[in-house]
Amino acid sequence: MAAPGQQPPPPPAGVRGMTKLDRTAFQRPLDVCALRLPAADIAPILKLLKTQMLRVPHLRPVQPLGELPLMEPSGGGEPGADAPAADGPDQKVVLLDPERVPDAGGLPWSGLEPLGLSAADSPLRLTLRLAYDNYRADAVLRAVLPDGQDGCTSFSRVGHLIHLNLKEHLLPYGELIGQVLMDKHPGVRTVVNKLNTIDNTFRNFSMQLLTGEADYLVEARENGCSFRMDFSKVYWNPRLCTEHERLVSQLQPEDTLYDACAGVGPFTVPAARKRCRVLANDLNPESFRWLQHNVTANKVQDRVQTFNMDGREFIRTEVRRGLRERLAAPADAGRLHVVLNLPALAIQFVDAFVGLLSPDEVPADQAVPLRAHVYTFTKELAAAKRSVTEALCTNVGRDVSRHVCEVFLVRNVAPNKLMYRVTWDVPAEVLCAMDDGPVLKKAKLTEP
Ligand SMILES: C[S@@+](CC[C@H](N)C(=O)[O-])C[C@H]1O[C@@H](n2cnc3c(N)ncnc32)[C@H](O)[C@@H]1O
C-alpha cells in the first residue's frame, strides 16, 4: 500500500502520443537509496520505514540484492552502476522512495539508531530498471494520452469484459487503451467501446471491440447471485449494484415484487432469494431469455414467474390480477411492490395505475398495500426532488405528493443528469379513478 500522497515514479516522457503499444518503451532508470540489513532483525526497522519505502507495482521493496532489477551500466560491466556485490540469503535490501528519501538525511535516525543503525553507515545508491509491469493502468494511460485533456479513467467491468465510453479525441488510442486495460486487469479477455449513449428501447448499446476476443457472453456476480447474459444485447450496469441491494432490503419475505422492466434479473433474483414471490417482466426477448436462465441458475424458479410484454401492459394485467387477489384476502400480511426501472420512460407508465380497479373492489376501510418504486432522470439539479415529484404527479394526472414515501438520489449519470427513485404508495383514489388519468400540464403540489 502506498502512503498517502505517495505517487509511484511515472513512465518515461517519450511514451506520450504512442498509438501502438510498445511495452519496451516504458523502461526507465530510477535512482534510489537502499538500506542493506540482516534479514533476521528487519521487522521493527520495516515498521519504522513504512512511509519511506519505495512502492511500485510488481517490485518488492524488501528483497535480496541479487534479485533486484538493476540497470545495465551504459559502458558494460556489472549491473546497477556502483551497486555492491550481492549478499547471501541472510541479507536484504530495503528500497527507499527517492521522493521521500533522496539521501541519508531523509531517514528517521532517531528511531533507527536504537535498533542498531547508525547515521555513519550511509545508504546504498542503486539504479533500478523500471519497466511496463511496474506501472498501473492509470499511470500508463496518463503518460501516453494527450496531456491536459480528459483522460480515460472511468470504465466498468462485467465478468471478463471491460466497457468504456471513449471521447472523440481518444478514438485513435482505442486499441492501445484496450490492450493496457487487458494487461493490467487479470481475467479480462474483451475490451469494448460503447458507440452511443443508451437511447434505444432495450437500453443496450452498440459496441466496438477495442481488443481481445469478441465474446460478449459474460458472467457477473451481484448481491450474492450470479447473472449470465449476452452483454451486447441486454442492459446491465454494475453501478446499480447498491441500488439493487437497497431496494431489495426494503422487501419483506411475505411481499410480492412486480419487476416490470426486470432486465436479466438483478432485482428479481435477490428478492426471490429473500423468499419473496416475484413476477418479472421485460420487453426485450433477449433480456427475457437471460432472465429465465438466471432465475433457474440461481434456483429460485419456484418463486418467480417471467413475462415478456410491455411494462404498462404488465401493470394492467398482472399487477391488477395480484391486487384483486390481495384485496380479496385481507388477512395476507404482504405488500405488493412494483419496480419500474426504465428511467428514461417509466415515469410515463404510472398512468397505468389510474383506474386499475373498480371502486367496489377496494373496501373503504382497507389500506391499499401497493407501493411503486419508479426510476427517472432529472436535469433540474437545483430542485431535483421537487421536479421528480412533479413529474410523477403530472403523469398520474393528480397531486399524489402526500403519498410519496421517498425521493432518493440513486446516482449522478452525467454532470447535468441525475437518476432518482421515487417511492410512493398508490392510493385508492388513483386505483379507483373513473377517468383515464387526466394529464396535468404541470402538477401543482401541495406545499409540505
Ligand atoms: C434500465 S434497464 C433496467 C434493467 C434492470 N431492472 C436493472 O436494474 O438493471 C430497463 C429494462 O427495461 C426494458 N424495457 C424497455 N422498454 C420496456 C417496456 N416498454 N416494457 C418493459 N420493459 C422494457 C429493457 O429491455 C431493459 O431491460
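Glycine residues also receive a Cβ, built from the backbone N, Cα and C atoms like all the rest.
Listed in TrEMBL:
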BINDING   His244, Asp282, Leu283, Asp310, Gly311, Asn341  S-adenosyl-L-methionine binding site
DOMAIN    155-428  domain 'SAM-dependent methyltransferase TRM5/TYW2-type'
REGION    65-90  region 'Disordered'
Three states by DSSP: which one describes Gly311 (S-adenosyl-L-methionine binding site)? helix
Using DSSP and collapsing to three states, where does His244 (S-adenosyl-L-methionine binding site) fall: helix, strand or coil? helix
Local backbone state of Leu283 (S-adenosyl-L-methionine binding site), from DSSP in three classes: coil
Given that the record lists His244, Asp282, Leu283, Asp310, Gly311, Asn341 as binding S-adenosyl-L-methionine, what is the largest C-alpha to C-alpha distance among them, in Å? 21
Among the binding-site residues listed here (His244, Asp282, Leu283, Asn341), identify the one with the smallest other-Cβ count within 10 Å. Leu283
Here the 10 Å Cβ neighbour count for Asp310 (S-adenosyl-L-methionine binding site) comes out at 15
By a simple count, how many Cβ atoms lie within 10 Å of the Cβ of Gly311 (S-adenosyl-L-methionine binding site), its own Cβ left out? 25
